[in-house]
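S.K.: Can you keep this structure in mind? I'll have questions shortly.
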Amino acid sequence: MSRMTVLSPSAGSQSACSLGLILVNPRRPLRSLSILFGLWKALIFLVIVICPGLGYDTSTSLLLYPTRDLSDVDPLHFPLSLRFVRWDSIYFVHAAEHGYVFEQEWAFGYGYTRLLALLASVLVLYRLSVNIFGGDTAKQKTLCFLSAALHIISPAGAFLSAPYGEALFSLLNISGLYLYSSSVLDAATNHRLSRDLKLLAAAVLISAATAVRSNGILGGVLFAYDALLQLPQILSRGLSLAVVSRLAVIVLGGCVIALGMAVPQYIAFNAFCMTSNAPRPWCGWTIPSIYRFVQEKYWNVGFLRYWVVPNIPLFLLAMPILALLLRSAFWAWRLPSVTSKFSENGANGALTKAMWLLPRLAIIQALLAVLAFTSYHVQIINRLSSGYPLWYWYLAAELISDFKNSQSTNKCISISAVAVQAIMIYGLIHAVLFGSFLPPA
């Protein structure tokens, strides 16, 4: 008589639990985050490639067949790689292949087409989180891990897998913030040379992020904040060598960030305004800016220009992320009560670290939300938000708090958990829309 092995329910749950520990284990963050990243990206990739046909908009096919009648193109022979070339990525790919040929292509970050990088911002975000909140206690490790995991399922969705600027911007901006936070920690231990070198390195990365996406210029708030911190010392003690040298490093860092915006504009000015042809209208502006001109002319971007009735659905689509950005910015101002949750047994390391940086990041994130609401195509905030870590920390802290409360109150519904589920569902739905070249962009 043959023997049949039957797994008990408890054995099945143990196997599932073991699998869960492999996938989500804050004690092994690098491995766990890499596995989660691979699984989520594979799912997004699968959803996009199974979308049938050329898509609602057939502009992508012009990259491959610029002179052919699209009715002759067999969708089955359409390269899978071009399924990721949708919306603005058509401009990125064309500029990467041929350079900046058309005026409107200058609306898309000059830095991106000159440097294509793999997305590593998830792991950098984990290290940044450790710098801010510490990584000594189980609660701190969980917060840092969850924050990085949330970055994987960012509402940017398919844009982080396609030839768009969001992935590289996230990497550069978060890496810049990591070096900036390391500079702050060195300042606390009086390592001045290391502090200044890391501050300048952070400025270089944020400047590169600005060359990829113009909203990176908001990183200059960090340096403006640092400069203002020097004023009380100057007023109370007067100028000293230490204060002057510190202020010089801060101002130099701010100028480096400004170069990320100014250099592409200078290159465009030479290309369009210093020729024998009739100069473009923007060449005569007090501060010539091809970026501002093409945004206004070709995309109708400007203060309250997007506030028209047909765009109401797009505002509704953006509202959850806008609310999350503003709510988490306000959360960061409640610094003592927030960081004390992660300072156990009288330890104040997390409080000291977060006190230096969270309010500054709150200013940046709040400015981004206000600009998106008043002056951008508002729906792009769903992807712009991917490069700003504050809301990841807020949502991770809420998940931890809700889980703790559910254990004591037997409450099953968690608003933070529902928010995470909504982000994941949105990411999958957006992958379908993206693969079919359907809005929103």
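A Cβ is built for glycine as well, from the same backbone N, Cα and C atoms used for every other residue.
For 4-24, 35-55, 115-135, 143-163, 165-185, 199-223, 249-269, 306-326, 361-381, 418-438, the entry in Swiss-Prot reads transmembrane segment.
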S.K.: Which residues of the same chain, at least 6 past either end of the transmembrane segment (361-381), have a Cβ under 8 Å from a Cβ in it?
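M.R.: Distant contacts of the transmembrane segment (361-381): 177, 215, 218-219, 221-222, 225, 299, 301-306, 311, 314-315, 317-318, 321-322, 325-326, 328-330, 332-333, 388-391, 440-441.
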S.K.: Where among 143-163, 165-185, 306-326, 418-438 do we find the most Cβ pairs under 8 Å to the transmembrane segment (199-223)?
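M.R.: The stretch with the most close Cβ contacts to the transmembrane segment (199-223) is 165-185.
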S.K.: What residues in the same chain, six or more past the boundaries of the transmembrane segment (143-163), come closer than 8 Å to it by Cβ-Cβ distance?
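M.R.: The answer is 24, 26, 29, 32-33, 36-37, 40-41, 44-45, 48, 84-86, 89, 92-93, 96, 116, 119, 121-123, 125-126, 129-130, 133, 135, 170, 321, 342, 382-383, 385-386, 389, 392-393, 395-397, 399-400, 420, 423-424, 426-428, 430-431, 434-435.
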